[in-house]
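The structure appears right after this line, and notes come after that.
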Amino acid sequence: MQEFRGLGLGAGSGGQGAGGNRWRMRELAESEHFDWPIFRRALRAFVPYWPYTIVVTIVILAVSLGGAIPAWLTQKIIDEGIQRRDMSLIVEYTLALIGVSIGTGLLGVLQSYLSNLIAQNVMADYRIAIFRHLQRQTVGFFASRQSGDLVSRVTNDVTAIQSVVTSTLVGFVSNLLSIAATLFLMFSMNWRLAVLAVVVVPGFVIPTQRVGKSRQQLQGQIQQWLSKMTVQLSESLGVSGALLIRIFNRQGPEEKEFAESNRTLRDLQVRQALVGRWLFMWLSMFSSIGPALLWGYGGWLVVKGDIGLGVIVAFTALLSRLYGPLSQLAQLHVSILSSVALFRRIFGIMDVEPEVVDGTRAIPDNSVQGSLRLEGVSFSYAPSPRETRAEGPAAANGRSRLPGGGTGGGMGEVGGTPERPAERWALREIDLSIEPGETVALVGPSGAGKTTLLNLIPRFSDPAEGRLLLDGTDTRTLTLHALRAQMGLVPQDPFFFHDTVANNLRLAKDTATIEEMEAACRAAQIHETIAALPEGYDTVVGERGYRLSGGERQRLAIARVLLQGPKIVLLDEATSALDTVIERKIQDALAVLLEGRTALVIAHRLSTILKADKIVVMERGRVAAVGTHAELVARDPLYKQLYETQFHVEAELEGR
Ligand code: ATP
């Protein structure tokens, strides 16, 4: 069976798991050329482990020789022991045979230990490097990519490095050495039989190579369809997808689509199994032809008295040690291409330069006044990978619910040159000054650029033009750590990790005592709610944890910022209407939060704009007007309209 191992016909090498390395396989199916620079760069990761590499090479050499020696010893037992009826020689060689087998077995264990050690070290290095690199990326980077794809690169792709080491690198060295050791032994025993053994080689190698490639291509297609199914399953079995399907009565078409993928997958898998079976038959035939020829020609040589019977027996044993490794070497290019595709994906992420570069200036504690100034700030979103590369996974999957394209961001090459045509500015020439302790309310129609502006303050992105100043210092010169330590953010829909309330609060201040947390939560009007939870501050909340309502989440987020105690507060008010009691609680919490702090608030509540020192009206990325409520109602038609449509209703409701 050894000669079939490399073809995936042996045990346990059938196919990849459904989720597994599907993108790797798809790219593998697509990759036609060998990319030497990527391969060289990939090998660099192994450099720190060169001592292990040297030892493992020596061990592989010993294992390869050890694997060939039993055939030679068998020949000795037959020709020198049995034929000459020398019992002591028989015992000697038999003991040697046992010794060599045990030794080779032990060395084999050492070899797999060392190669795993190298692979696991390289994998850990890559995982850490990618994770560290991703931590330096901007929020926009994550907004334009599927999180599943990034997770897959850190886990599946990196995990597949294991097979690169064990099958590609170790496989290459060990097959080469096995062939060399076997040929050496064959030619030293009898060159004529050795030539005969080699003559049969093309019969193995050529079909193996062909079938290996087509199996690999079929495997790539299978992975594509598996991935299409995975996407469909995860979309339609998630709460939001399930809701969408039901409300639009799409169960029928969804079932049809799923059945279609299944049928295609079934056909592909039958084809793949058959390709293997035909080859199996061919190889079984050929693996009998080789020994048959040997017995025929070798038998004639034995009869002539040129060689002993043991030579033929040894040769037939050596044949499998020649054909197996040769078949595997013949397919090596496929696995090398697959490794290159794998590393290309990994490097694709590692080569994305973070858009926001860290500054160098620290800010001494408690020295921030809290004045903010924006000078001629313009910003445009870089085209997302989906825009720059049409063939994203969804497109490749053929699963596109949107008329224009895919279901999510592209997964491929990242970066790209941001084009900034005039009409695509999200913010244009913004000048704004906020004094320490001032509350500024941002209002404007949807899409006016309010969130974009808010995100520039803590440098989630940098403006394309203009600059932002904190206490007169360009924020680009400050370290991100120092800058963000001065800012608290309360988003519209705050996020909490799947962890306890206390640990979620400690994100803001990891040394916070329970008393401090309680004080912050009391100020944010959320303490009573938390105290009433099953385990109080130790209740697990967040994703799939205890579900907090929208209003509770906002107040908990306010408590978190209070605990942090920043000089500047960035707040995106919730839009949802709340009952008067909750509304009052939020207003009270906000009053504490904004007290004595510089605040930039995307305002959705009348009470907030009425309390603001200054209201900034935004329209299509520009500042349309600045003033107080009374001034703006009197002179700005856009504000008047916003007030009448968004805030006036609320005022009327409150007045009732
Ligand atoms: P809303 O009140 O509806 O939240 P907004 O005033 O906060 O709107 P922004 O979210 O800042 O508006 O969006 C400004 C413009 O930038 C919009 O045209 C929006 O489509 C675009 N935009 C926002 N986020 C992105 C993004 N990640 N990539 C590309 N364009 C974006």
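Note: Cβ is positioned from N, Cα and C throughout, glycine not excepted.
Feature list (source: TrEMBL):
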COMPBIAS  7-20  compositional bias 'Gly residues'
COMPBIAS  403-415  compositional bias 'Gly residues'
DOMAIN    372-645  domain 'ABC transporter'
REGION    1-21  region 'Disordered'
REGION    383-419  region 'Disordered'
TRANSMEM  49-73  transmembrane segment
TRANSMEM  93-114  transmembrane segment
TRANSMEM  176-206  transmembrane segment
TRANSMEM  274-295  transmembrane segment
TRANSMEM  307-324  transmembrane segment
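Outside the transmembrane segment (176-206) by six or more residues, the chain places 3, 60-61, 64-65, 67-68, 71-72, 75, 283, 286, 289-290, 293-294, 297-298, 301, 307, 311-312, 314-315, 318-319, 321-323, 325-327, 329-330 with a CB less than 8 A from a CB of the stretch.
Within its own chain, the transmembrane segment (307-324) is flanked in space by residues 2-6, 67-68, 70-72, 74-80, 82-83, 178-179, 182-183, 185-186, 189-190, 193-194, 197-198, 200-201, 204, 287, 290-291, 294-295, 298-299, 301, which lie at least six positions past its ends and keep a Cβ under 8 Å from the stretch.
Mean predicted confidence for the domain 'ABC transporter' (372-645): the pLDDT average there is 80.
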